[in-house]
Structure formats: C-alpha cells, structure tokens
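**Student:** Under the heading ATP binding site, Swiss-Prot lists Ile25, Arg26, Gly67, Lys70, Thr71, Thr72, Glu133, Asp134, Phe135, Arg176, Tyr186, Arg223, citing sequence analysis as support. Positions annotated as Mg(2+) binding site by Swiss-Prot: Thr71. What Swiss-Prot records for Arg296, Arg315, Arg320 is DNA binding site. Annotation comment: Swiss-Prot describes 1-186 as region 'Large ATPase domain (RuvB-L)', evidence class sequence analysis. The region 'Small ATPAse domain (RuvB-S)' annotation in Swiss-Prot covers 187-257. Marked as region 'Head domain (RuvB-H)' by Swiss-Prot: 260-331.
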Amino acid sequence: MAKTMMQDRLINPLEGAADAPDANIRPALLAEYIGQPVVREQMEVFIQAARARDEALDHTLIFGPPGLGKTTLANIIAREMGGNLRSTSGPVLERAGDLAAMLTNLEAGDVLFIDEIHRLSPVIEEILYPAMEDFQLDIMIGEGPAARSIKLELPPFTLVAATTRAGLLTSPLRDRFGIVQRLEFYNIADLTTIVSRAARLMRVPMSEDGAVEIARRARGTPRIANRLLRRVRDYAQVRGDGSINGAIAGSALDMLAVDRRGLDHLDRRYIEILHERFDGGPAGVEAVAAAMAEDRGTLEDVIEPYLIQQGYVLRTARGRVLTQMAIDQMV
C-alpha cells in the first residue's frame with residue numbers, strides 16, 4: 001500500500017508510466033543539454049577526443065538522485081558517438097545468458113546502457129569484467145567434467161551505467177569505469193530554462209514567471225518539473241485561457257498540495273514524525289521508515305535527498321536529525 005502511495009506521488013522523482021511523454025522533449029545532443037555545466041563540459045571533451053581517435057568512449061558511470069537525467073545523458077552519449085543504444089537494467093539481467101546475448105549483439109561503437117547497475121548479481125559482474133577490460137566474453141560450453149571455457153571477441157563498445165547508489169557498487173566494478181560523473185540537483189535558473197523549452201515543444205503558451213513558479217517547486221529535478229508542467233497545463237485549460245503565468249501555476253500547484261518549497265504531504269509527514277516521535281533525532285533510518293510505513297530504500301532514494309540538500313535534515317552517524325531551519329519553518 002505504501003509503495004502505491006509513493007508511486008502516485010506527483011513529486012516522486014522515480015520514473016513512471018505517466019512520464020512516457022517526456023521522451024519526446026528530451027535533449028538529443030550535448031548542445032541541447034541544459035544544466036550540469038561541469039559534466040557537460042567534461043563529456044564534450046571526452047567524446048570529441050574519442051571520436052578524433054576513432055575509438056570507443058571509455059566506460060562511463062553516472063550517479064546521482066533519480067530524475068536528474070542519467071538515461072538522457074546515456075542517449076546523448078550514444079548519439080554523439082554515432083552508435084546504437086542498447087538498454088537494460090541490473091534487475092533484468094538475472095542469468096549469464098541474458099548479458100551474453102546483449103554483448104554478442106553489440107556492434108563497434110555501440111553503447112550498452114545498464115540502469116540500476118548496483119543491483120547486478122555477482123555472477124553477472126564477473127562476466128562484465130573481461131568484457132569491459134579486454135572486449136572479451138568468457139562463456140562455458142557443456143556441463144560437468146566435459147565443460148570448457150571459450151573466449152569470444154567483442155567489438156569495441158562503451159558501457160554507460162547509472163545508479164542512485166554509487167556506494168553499493170563493488171570496488172572491482174567501480175574501478176573499471178574510466179569516466180565517473182555525478183549529477184547534482186538543478187538550480188532554479190536551469191530548471192526554468194528546461195520548463196520553458198518543454199512548454200515550447202508542447203506548444204503551451206507560458207510566461208517567464210509561470211516557468212519560474214514551476215521550477216521553484218520542482219525539487220531541483222527535471223523529471224518532476226516536466227510532470228508539474230503537464231498538470232499545470234491541465235489546470236490552465238480548465239480554469240484559465242490555456243496559457244500559463246505565475247498566478248495560474250501557483251494556483252495549480254497549491255491545489256496539488258506542492259508548496260513553494262517543493263514539499264508535499266510525505267515530506268511534511270517525515271519531518272513531523274522525526275520531530276514528534278523522535279524528538280527531532282537522532283533517529284535511525286529503519287525506525288523512521290517503520291513509523292512512516294515505508295521501506296528504507298524509499299526514504300534514502302526518494303524522500304531524504306532533497307530534504308538533506310535543502311538543509312532540513314542532517315544525516316549523521318547516529319541517525320537522522322532535524323535542523324533548526326526545519327523546526328522554524330515547518331513544525
């Protein structure tokens with residue numbers, strides 16, 4: 001039940017079926033990529049250098065909170081390198097044969113994108129090591145005493161991996177990535193540009209203050225910004241003339257219970273529980289999760305990152321602690 005509530009949450013940064021239209025408005029090239037200036041500049045250099053040498057780009061690990069554009073960046077890398085993108089995820093690769101099938105279907109210059117790579121099984125990791133280092137695939141033929149190992153040569157390819165939990169990657173896997181990029185929460189100016197661009201592509205008339213209002217409440221996350229834009233568009237059609245300004249955007253988001261800080265009922269409930277049941281902390285994440293009837297992963301991946309980044313909560317060795325700012329503003 002808690003999982004369903006989280007999935008229905010408007011400002012849930014995890015991707016859902018409702019986000020499918022976003023594929024039509026995602027940037028396709030680095031020149032169109034908004035925000036993350038350090039990552040963008042570095043990737044421009046790395047990609048241009050690899051193309052000039054006619055080599056595959058080094059294997060790339062992208063990590064950071066959900067909804068910041070890891071999949072979008074993987075698509076851009078494939079397009080910029082002129083290869084095809086083959087996508088999968090850690091939980092999907094259950095058997096060695098699953099990964100072997102994907103690797104043997106790659107062509108030179110292709111990009112293999114593995115989302116949630118921290119969820120790979122050890123067996124799959126072992127197959128990846130020689131594939132990443134030497135472009136070789138070791139497979140077993142036969143069973144029992146007659147079984148033998150053979151090596152298959154793979155074309156040069158780039159593994160692009162994404163994770164929200166870089167700390168869960170094993171050292172041998174992490175060390176095999178030549179490029180490691182961390183995506184940060186977006187500032188309001190960059191999110192405003194993203195919202196304005198999306199509205200233009202969706203052919204929704206919108207003023208600058210309308211874009212700013214949506215960006216302010218989007219929790220530093222483009223996926224949430226695009227989702228809020230679609231709901232504000234609905235409100236503008238029904239309660240207005242179809243165009244979005246600051247007042248319309250504010251009224252729509254107030255109706256949707258997303259406040260000016262980008263917080264909703266689950267954020268406020270988290271803070272209330274930490275304040276009332278645990279006297280502001282420190283409190284262990286398992287205890288807070290149990291009190292909210294959520295799982296630990298949901299708190300760590302979905303609720304806490306933005307609260308911590310905004311300075312409402314501290315993550316200490318002894319547990320979670322409310323800051324004075326959270327108490328002053330929300331309790």
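For all residues, glycine too, the Cβ spot is worked out from N, Cα and C.
Fair warning: this is a prediction, and the values are worked out from it, not measured in the lab.
Mind mapping these onto the model and telling me what they sit next to?
**Tutor:** Secondary structure at Glu133 (ATP binding site), as computed by DSSP, is helix.
A helical conformation is recorded for Thr71 (ATP binding site) in the three-state DSSP classification.
The Cβ of Arg320 (DNA binding site) lies under 8 Å from the Cβ of Leu274, Gly281, Pro282, Ala283, Gly284, Val285, Val288, Glu304, Val313, Leu314, each of these being in the same chain and 6 or more residues away along the sequence.
Taken through DSSP, the region 'Small ATPAse domain (RuvB-S)' (187-257) splits into 51 helix, 2 strand, 18 coil.
Summed and averaged per residue, pLDDT over the region 'Head domain (RuvB-H)' (260-331) gives 89.
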**Student:** Quick check: with Arg296, Arg315, Arg320 left out, which same-chain residues have Cβ atoms within 8 Å of the centroid of the DNA site Cβ atoms?
**Tutor:** Gly284, Val285, Val288, Leu299, Glu300, Glu304, Val313, Gly319
**Student:** Do you know offhand how many angstrom separate Glu133 (ATP binding site) and Arg296 (DNA binding site) by C-alpha?
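**Tutor:** Roughly 35 Å, rounded to the nearest whole number.
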**Student:** With DSSP assignments reduced to helix, strand and coil, which class does Arg296 (DNA binding site) get?
**Tutor:** helix
**Student:** Sort Arg320 (DNA binding site) into helix, strand or coil using the DSSP assignment.
**Tutor:** strand
**Student:** For a quick check of understanding: given the listed ATP-binding residues Ile25, Arg26, Gly67, Lys70, Thr71, Thr72, Glu133, Asp134, Phe135, Arg176, Tyr186, Arg223, what is the maximum Cα-Cα distance in angstrom, as an integer?
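**Tutor:** Value for the max Cα separation, rounded to a whole number: 37 Å.
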**Student:** Would you mind reading off the Cα separation of Tyr186 (ATP binding site) from Arg315 (DNA binding site), to the nearest angstrom?
**Tutor:** 21
**Student:** Hey, how far is Arg296 (DNA binding site) from Gly67 (ATP binding site), Cα to Cα, in Å?
**Tutor:** 19
